Amino acid sequence: MDSTFYLLFKPAPAPAPALATTSTALIHSSQNHVTTLTSFTFRNFKHAFHVQRLFLGTTLLTGCQSQHSHVCFASIYDNFTGGKYDNYPLPSVSVQSSGHKIHVGYDVDEADSIECLWEKYFADPSQWWDNTITKRNYRAPDFKHKVTGEALWIFNPSTPQWVKAMPIEVTRAGRKCFGASAVRSLCGPSQFNRLPKSNGKVYPRPSSTERRRAAPVDVGKHLQKASATREKVAILKKNLQQGITIDTNIYLDILQRCFRQKDLVSAKQVHNCIKNSGMEQNPYVANYLLKVYIRCARLQDAREVFDKLAEKNVFNWTTMIGGYAEHDRARDALEVYDQMRQAGEQPNEITYLSILKACASPGGLQWGKGIHAHIKHGGFQPDVRVETALVNMYAKSGSLDDARLVFDNMVERNIITWNAMISGLAQQGCGQEAFSLFLQMQKEGFVPNPVTYLSILNSNASTGALEWVREVHTNAIKTGFAHELRVGSALIHMYAKCGSIDDARLVFYRMNERNVVTWNVMIGGLAQHGLGQEAFSLFLRMQKEGFVPDATTYLSILSASACAGALNWVKEVHIHAVKSRLASDLRVGNALVHMYAKSGSIDDARVVFDEMEDRDVVTFNAMIGGFAQHGCGQNAFSLFLQMQREGLVPDATTYVSILNVSTSTGSLEWVKEVHRHAVKACLASDLRVGSALIHMYFKSGSIDDARLVFNQMVNHDTIIWTVMIAGLAQHGYVQEALSFFLQMQREGFKPNSTTYLGILSASESEGASKWVKEVHSHAVRAGLDIDLRVGNALIHSYVKSGSIDDAQLVFNKMVGRSVTTWNSMISGFAQHGCAQKAFLLFLQMQKEGCVPNVFTYVSLLSASVADFEWVREVHRHAIKAGIASDLRVGSALIHTYAKSGSIDDARIVFNTMNERNVISWTVMIGGLAQHGRGHEALQLFEKMRANGVKPNGYSFVAVLSACSHAGLVDEGRRQFLSMTQDYGIEPTMEHYTCMVDLLGRAGHLDEAKHFVLNMPVEPSLVPWGAFLSACRSYGNLEMGVLAAKECLKLDPKDARTYVLLSNIYAAAGMWDQVSLVRSMMEGRGIHKDPGRSWIVIDNEVHYFIAGDTSHPETKEIYAVLKRLSEKLKAEGYVPDTRLVLRNFDEDAKELALCSHSEKLAIAYGLMRSPHSGKPIRVYKNLRVCSDCHTATKFISKVAGREIVAKDAYRFHHFKDGVCSCGDYW
């Protein structure tokens, strides 16, 4: 009985296709007998084989089942990278038995020769040239692929093996090869059970006669002549239209070209031809269609082809799984994998490699563990590649323990395995362990390759360990990989990341060759370090050396332009991008929009935006962000609406940007409109958007809306808690902020340094000192009190809450201090009147190597008001530091010199300033006004306006004050009107107070009263107090009583009101009313502030009060006063005893006047510096009385000394018996 045995060749994943083995068994089972073919041998090396021996019997080989009615065939599987050959159709080879004669071939007829060409062993013989006859030397390949040009050699005829390397020597024992990769002997019968089995389906090739009819010669010739893929497709379509049957190989040839060229259009046309020819169900044609669609990222089309296949082989399943894995579609890959197992198809090695790749992500751990279980319990024996894939999968999905377990249990490892483990450790931040493994692999004899160095360098970059990086660099030099392009680029990038730009430069300039990536990395590193000029020079140099910048280059150089802040650079880079035709690149366009906006040119940003052909959400976000930075709220919101009209969906960044615009505009309704859009887009609950909404509602003053957003958030994080706490604290809801601060910790959120900064921002509230200490204790427990920013905030908060000692304690405990830390402490001492401590701290910070900045000098100058010499010392330091010309420092110097009594020094600083602003002018005008130089102040004001400087509200306060001190009533009225009419400045309480003071000092009490009563806002205590003071000066009892009543309504405990009312009654001789006022003060527990004066002698402050006898040198002081009194009377001085509001006799009143605090201070100054030519500078906390003013004029004349006296309102310069105020104060 004749039987036909079908032998299915499965494509081998190897550089060489499968070859029949010398010990291959064919089994056919029928009802009567089993024929077993035990051996094939080669009769002719070049051409054929035949059956050597035939056994008849009943023995079945292991793994075969008796019910099979087909041939089970096992063939070699070799290293087959990427499934390069698995697209070839599988030939159906038959073995025909007739007596003792067996024929083997491609469906050969009885008359055919028993010989079969070597090419028949290939999966697709038509793709290979047989050179075994024509080759003239052993170096020529035995077989060569027609498409790829791949060459193969037969290693040894007696033991068939394939190598992908040229043999270099032929001996009697066979050929010796060098560099052979993946050489394996063909498997024997004992290994059948470990090899994949046939799926039982037979796909016979057409007979030779059919092939000749189906594939006319002219089709092949036409296709050979056509060079372009689309030309081949056109020929194919034409032949189909003519009814010519197209051979499978032609389809495969064209699809292969589409695959290489990623030609989706041609692939679609070929697909239509395949449909029309009825070959869509061919699994091998379908497999290549899958590959083309996957390569073109058309997974939906690939899935349609896959789903239409009625019968799928392992390669179809594997290709579809691999496609999903390649495009990060893990769920779809797993779905196909599950379907494959349900269909009963056994996965092969490539299948497992693909599905494990799909699981190699942070969310794929459980899936990966399931695949691992299938491998272990499914009878599949994983080789080194599958085990390496398992290591990679576990490492990338975050399970380093599982990865290390697989790695440690591997019998065989290769360099790829080590790289996978090192890379996994590096990506998970285990730098030390990765580095140890890097050293271990070398101890075990493995030489690192570029991938190894890339992995370990990534680990070092994440840890920031410069020493590790240098050690790896040294190792790379030893192995010769330091100058390899990828390794060199990684070294440059890593050195830049670790802060060593010099080492990065060294690697860059020592590289023998560079590519665009190398240049990009170096330019990016320079940009990160703020070296914009050098980055731009390198950008130009790379072009001179023939390298064409790509999009990444422009992104790097644009970031360097941002560091430099140079708009001109951005424009020049833009010009280069236009010339290189990269300005239309989406990423470059987005970067240009962003950088133009950053550089302050919003118009250029808009031009680039409008000229972009393609725009995405990032483009709109960049433009909206630019408008937000420039306060163009309406434009930003219009763009926000436009992007939605164009079909783009705003993301979280869009809403954060547009909310920043809303915050800057301060429009609550606008903010609510954006909120409504965010709710519709389901983004209001996004953490970033929610944080921005809360922040914006706080900025707009809507605390309730901020609370509502917070309470509606499904999830919270530390940032959103911090925003909520900071907002409540800044709006004075301190207790609620503290409650939120404690609640966030109860809910498991750990406050960070920003949280502490937010809660400490409310340190100026009432009772702040207590809760600042509570927050401080929390920071100590969290270990954040040593954080620089938190420490600075604690110092600032303690200073603001009045606890300077606690602030100093925090300062002293800080390990690292920044200039901000020193400034906060110096400012704290300044605010608390500790000028000497502030100055000593200023000197100490320089000794410790901290360079003072502008804020240091401004803070220090505010502390030096009382000491003219200190002001000069600080000025000298500022000149040495080259900072005296700074606008802020200059203005502070003017203000401080004026406050310390030296208006001439203030004027010198003002005159020498290279640049002035409205603040500088205003401070100088105010200083002149305080020193009684009203006319000079007005002249300077006119000069300021002539120089084009627009005055502000503070400028007019200074001008009106100058008019008030100089008695220039008409000028004051004119300036008040000019302020509103010429400059549109609405008068504030300060302006009205100045006008009341101006009119009151000049005796225009009715007009002053009219001003107070007709103010557009309710008058405060200040204007009523000024009016009351004027009533006392002019002795107007009626108006004085009226003003006092209004003052007491506003503040019943204001001591100054009682004193002025008492003085008015005393001047009118109404002593009973004086006694009544004093009784009221005593009854209400109100005490008059005693008059205090002080003077600085040799950096020591000496305080005096009226009738003071506590000073160590009291006797000497009163002796000087007695001698002065005699000299003054001799010059015509008469004490004004009317100022003594006691019913004493004249001698007692005169004695009381003689011992006023300012006279004691002046006497002490004369006593301690009798022969000094320097002015005596005296300070008083109250207004100087008229008697002391008169007496000081006489003292300056008698003693021949200039005396500068500063009271609560102004400066008086006494010289030669004349005062700068002109007796008008």
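Placement of Cβ uses the backbone N, Cα and C atoms for every residue, glycine included.
Listed features, source TrEMBL:
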- 198-219: region 'Disordered' (REGION)
- 208-219: compositional bias 'Basic and acidic residues' (COMPBIAS)
- 313-347: repeat 'PPR' (REPEAT)
- 383-413: repeat 'PPR' (REPEAT)
- 414-448: repeat 'PPR' (REPEAT)
- 515-549: repeat 'PPR' (REPEAT)
- 585-615: repeat 'PPR' (REPEAT)
- 616-650: repeat 'PPR' (REPEAT)
- 717-751: repeat 'PPR' (REPEAT)
- 818-852: repeat 'PPR' (REPEAT)
- 917-951: repeat 'PPR' (REPEAT)
- 1132-1225: domain 'DYW' (DOMAIN)
Confidence summary (mean pLDDT) of the repeat 'PPR' (917-951): 94
Cβ-Cβ under 8 Å with the repeat 'PPR' (717-751): same-chain residues at least 6 beyond its ends: 687, 690-691, 694-695, 697-698, 701, 703, 706, 710, 757-762, 765, 768, 771, 774-775, 778, 782, 784
Are there residues at least 6 beyond the ends of the repeat 'PPR' (585-615) whose Cβ is under 8 Å from a Cβ of it, and what are they? 551, 554-555, 558-559, 561-562, 565-567, 570-571, 574, 577, 622-623, 625-627, 629-630, 632, 646, 648
Is the repeat 'PPR' (383-413) packed against any residues at least 6 beyond its ends, judged by a Cβ distance under 8 Å, and which are they? 349, 352-353, 356-357, 359-365, 368-369, 371-372, 375, 420-421, 423-425, 427-428, 430, 446
For the repeat 'PPR' (515-549), sequence-distant contacts whose Cβ falls under 8 Å of one of its Cβ atoms, 6 or more beyond its ends: 485-486, 488-489, 492-493, 495-497, 499, 501, 504-505, 508, 556-557, 559-564, 566, 569, 572-573, 576, 580, 582
Count the residues of the domain 'DYW' (1132-1225) that DSSP assigns to helix (H, G, I), to strand (E, B) and to coil, and report the three numbers in that order. 38 helix, 16 strand, 40 coil
